[in-house]
Amino acid sequence: MGVSAVLKRARNLLATFIVCCFMAVVLVLALAHHFINEHRDTRSSSTQIEVDDESKRNVHHDHVLTRTNAYATPYLDLEHDKKNGIVYDHTRTVVRKKNHEVGSSSLHKNLFHKFLTKLIFRFIEKEKVTEGVTQGKFNNSSNEIANHEPVFEKIPVQCDNPLQNLILSEDLTLVADLNYYFNQYNIQIEEFRLETEDGFVIDLWHLIPKYRTTDSDKKKRPPILMLHGLLQSSGSFASNGRKSLAYFLYQSGYDIWLGNNRCGFRPEWNEAKVPTLASRWDWDLREMVKYDLTLLIDTVLAKTQFEKLTLISHSQGTTQGFMGLVNEDKFFPPGSGSKESFFTSKIANYIALAPAVYPGPLLNEKLFVKLMTKEIENPWFFGETSFFEIMMIVRNLCVGESLFSFVCYTIFNYLFDWNDTLWDTALRDRHFLFSPVHVSVKLMQWWLSPDPNKVSFKFGSHKMFPDNVKWFSDASKAPNIYLFVPKQDRLVDGERLINHFVNVESNVNYKIWYIDEYAHIDVLWAHDVIERIGKPILQNLNNYYSKKPSSAFESDCSDTEVETELEMVAEKA
C-alpha cells in the first residue's frame with residue numbers, strides 16, 4: 001500500500017470521526033430543541049413579489065386561471081390575480097396548541113404535559129381499530145390524528161377535512177417498503193433497476209393495478225414522472241398513503257412513475273464504466289440532469305408509448321427540471337442528434353413543488369449551514385465519497401423503528417424550523433422511512449461551495465438562472481409550467497422565481513400558487529395537500545389532456561367536476 005493510499009484512508013477515517021461528532025452534537029441540540037421549545041419559522045424570504053406594472057404581462061395564458069371550488073373544500077380562501085397568473089392561497093388551518101402554559105416557570109409542567117399527552121395519544125392510536133368513532137364525545141377522530149383540535153361537537157370549521165377519515169383506515173405499522181402499504185389499496189409497485197449512460201444504477205417505481213380485471217385497466221393513462229428532493233427518495237410522494245399525491249393522481253386516471261436519482265438506498269454501478277472508488281462518487285447535479293433524468297424520461301415514454309409526459313418534482317428535483325429546460329443547449333448542444341432539445345420536446349407539463357431555483361435566507365442564517373459551507377471543500381472534514389455515510393449506516397440498522405423516525409424528525413425540525421403542525425401526525429413516522437439516501441460530497445459542494453472557481457447553487461444561481469433574461473427563446477416549445485410556492489419556505493427564494501416569471505417570462509404558459517401557511521415539505525405531507533395542490537394539478541392536467549378551449553375555464557368550473565376513487569373512499573370512511 002502506497003503512501004498516498006494510506007494518507008487517503010487516514011483522511012477518510014478522520015472525516016468519518018468528525019462527521020460522527022458533528023451529528024452527535026446536532027442530535028443532542030435537536031432533542032433539546034424538540035422537548036423544550038419546538039419551533040416553526042413562519043417567516044417568508046426577504047424578497048417581495050413585484051406585480052405592480054400591468055404592462056409587463058402582454059399575453060394571457062392558454063388556460064385562463066380557474067376557481068377551484070369544484071375540487072376544493074369550501075373553506076379555501078383564494079385570491080386570483082389573473083393578469084399575472086397567480087393564485088394566492090390565504091387559507092389558515094385551525095391547529096391544536098401543544099402547550100397551554102407559557103413562560104419559563106411552567107417549563108417542567110410543559111414537559112410533563114407533552115410526555116403524558118403523547119403517551120395517551122399513542123395508547124388511543126393502538127385502540128382506534130376496535131373502537132368506533134362517536135360524535136358528541138371525545139374520540140380518536142381524524143382531527144386529533146391530523147394534529148387539530150379534538151372534536152367534542154361536530155362543528156364545521158377550517159380544520160374539517162373530508163379526507164381526514166382516510167387516516168383511520170391506514171396501517172400504522174412501519175415498514176420501509178411502499179408495496180406493503182400500496183398492496184392494501186390493490187396497487188402494486190413495479191420496480192425497475194436502470195443503468196445510466198455513465199454506468200450508475202437507479203430505481204424507477206411504477207404504480208400498477210394489483211389485479212387486472214376489466215378492460216378499463218388496460219386503457220392508456222397519460223404518464224406522470226415524479227422526482228424527489230435532496231436526501232430523499234420518491235417514496236416522499238407516496239408516504240401519505242391514500243392522501244398522497246401519487247395515490248390521488250393514480251386513482252384519477254394517470255400513470256404514475258416514481259423516479260429516483262443515484263445512488264439511492266443501495267449504491268450500485270457498472271464496474272466496467274465506474275472502476276474506482278473516486279469515480280463512483282464523482283458526480284453532482286449536472287450528471288443527475290444529463291444522465292439520470294434523461295434515462296427516467298426516456299424509459300417512461302418508451303414503456304407507455306407516449307411522446308410527452310408530465311414531470312412533477314419537489315425541491316432538488318425542481319432544480320434538475322429547470323436546469324434541463326433552461327440550460328438544455330449546454331447539456332445537449334445543437335448537433336447532438338436525438339438528444340437535441342431533449343427536455344422541451346418530451347415534457348408537456350412541468351409542475352414544480354417548492355421550486356429550488358434561487359437560494360433562500362436560511363442558507364445564510366443557520367450555523368450548521370455556515371459551517372458546512374466553510375468546510376464542504378475540505379476532504380479532512382466531510383471526506384470525498386458518500387456525504388454523511390453514517391446516516392445510511394444507522395438507517396440500515398434502525399429503519400422501521402419509531403425511534404429512528406422520531407430522531408429524523410427532530411433533526412429535521414431543528415435544522416430547518418419546520419414541524420408537523422400541518423401533517424397527519426399518525427403518518428409522521430412513515431414519512432421518514434424513505435429517507436435519507438446516499439448522495440455524494442461533490443453534490444453537496446455543488447449546492448454550497450464558496451469556491452469562486454465553481455458555480456454553486458448558493459453563490460452562483462444567478463449564472464444558471466439569470467433573473468432578467470428570458471429562459472425560453474421560443475416560448476411555443478416550452479412546457480406548461482405550474483409552480484406551487486410555499487410562503488414560509490426560507491430554504492429557497494420562491495418569491496424571486498415568481499418575480500422572474502411575472503416580469504420576464506410573459507410569453508410562457510405558466511400558473512403560480514402562492515400558499516401562505518405552507519413550508520418547504522408541506523407541499524408533500526400537509527393534511528390537506530390533496531385539496532390545495534393535488535386537485536389544482538388534476539384540474540389543469542385534465543384541461544390539457546381534454547384539449548378544452550380556455551374560455552371554458554373562466555367560470556368557477558362547476559361543470560368540470562371529476563369524481564375520483566379517493567373521494568368515494570372518503571365518503572365511505
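A Cβ is built for glycine as well, from the same backbone N, Cα and C atoms used for every other residue.
Since the structure is predicted, the reported quantities are computational estimates derived from the model, not experimental observations.
Summarising the annotation, Swiss-Prot assigns topological domain 'Cytoplasmic' to 1-12 (among others) and lists experimental evidence as the type of evidence.
Note on the intramembrane segment (13-33): residues 39, 368, 379-383, 388-391, 407, 410-411, 413-415 of its chain, located 6 or more positions outside it, place their CB under 8 angstroms from a CB of the stretch. Under the heading intramembrane segment, Swiss-Prot lists 13-33.
Per Swiss-Prot, the feature topological domain 'Cytoplasmic' maps to 34-573 (among others); the stated evidence is experimental evidence.
If you look up Swiss-Prot, you'll see S315 marked as active site, nucleophile, on the strength of similarity to another entry. DSSP assigns S315 (active site, nucleophile) to coil, not to a helix or a strand.
Per Swiss-Prot, the feature active site, charge relay system maps to D489 (among others). The C-beta environment of D489 (active site, charge relay system), restricted to residues of the same chain at least 6 apart in sequence and closer than 8 Å, consists of S44, S45, A354, G360, Y518, A519, H520.
A sphere of 10 angstroms centred on the C-beta of H520 (active site, charge relay system) encloses 23 other C-beta atoms. As annotated by Swiss-Prot, active site, charge relay system applies to H520 (among others).
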Packing count at S315 (active site, nucleophile) (other Cβ atoms within 10 Å of its Cβ): 26
Segment confidence, the topological domain 'Cytoplasmic' (1-12), expressed as mean pLDDT: 71
In three-state DSSP terms, the structure that H520 (active site, charge relay system) belongs to: coil
